[in-house]
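Undergrad: Below: one structure in structure tokens.
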């Protein structure tokens, strides 16, 4: 058994044992977080040849990702209705990207899952944005309302674009105003 004098000495002057325990905890925590979030030291990352186009360079060079929700402004939906329709679009887009490109989804989540809501004047603009986004290879989700409350059944209410590279999404929606 440990003598009382050793316990008292440790309690008054913890010294090397506490230092060793702290360093060990820090190393384990750092290693665990690095493994969890896939961070690698710069020395282990290969440089890419600028002459070859990879999926990352095609998708976006800024390294930033976002999702845009485009709301039709001509329908004059209430705040709750807009929130519900945007939620439908966000969940639909999330499910699509989860199936089609889990790596991109991980990058978007790592960026903090940014979502921006903008407004479009009418349905025609919504369809034009959808077409442009598809041409650029972006994930899209067009929401049609069931028509049980405020608006006509089948009305196209919200277009979700992304998650995807911010620079590509800005080519489609950069001119729209915030909702």
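Counting begins at 1 with the first residue displayed.
Quick reminder: no glycine exception, Cβ is built from N, Cα and C everywhere.
In case it helps, Swiss-Prot gives these features for our protein:
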TRANSMEM  10-32  transmembrane segment
CROSSLNK  76  ubiquitin cross-link
CROSSLNK  81  ubiquitin cross-link
CROSSLNK  95  ubiquitin cross-link
CROSSLNK  106  ubiquitin cross-link
CROSSLNK  115  ubiquitin cross-link
CROSSLNK  171  ubiquitin cross-link
CROSSLNK  177  ubiquitin cross-link
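Just tell me what is around each of these and how deep it sits.
TA: In three-state terms derived from DSSP, residue 76 (ubiquitin cross-link) belongs to neither a helical nor a strand segment and is classed as coil.
The Cβ of residue 81 (ubiquitin cross-link) lies under 8 Å from the Cβ of 149, 150, 151, 157, each of which sits 6+ residues away along the same chain.
The local packing around residue 95 (ubiquitin cross-link), expressed as other Cβ atoms within 10 Å of its Cβ over all shown chains, amounts to 12.
The number of other Cβ atoms within 10 Å of the Cβ belonging to residue 106 (ubiquitin cross-link), over all protein chains shown, comes to 15.
Within the same chain, residues at least six positions away from residue 115 (ubiquitin cross-link) with a Cβ under 8 Å of its Cβ are 66, 67, 68, 69, 90.
Neighbour count (other Cβ atoms within 10 Å of the Cβ, all protein chains): 14 for residue 171 (ubiquitin cross-link).
In the three-state DSSP scheme, residue 177 (ubiquitin cross-link) falls into the strand class. When Cβ atoms from all protein chains are considered, those within 10 Å of residue 177 (ubiquitin cross-link) total 9, not counting its own.
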Undergrad: So of all those recorded sites, 95, 106, 171, 177, which one's Cα sits nearest to residue 76 (ubiquitin cross-link)?
TA: 177
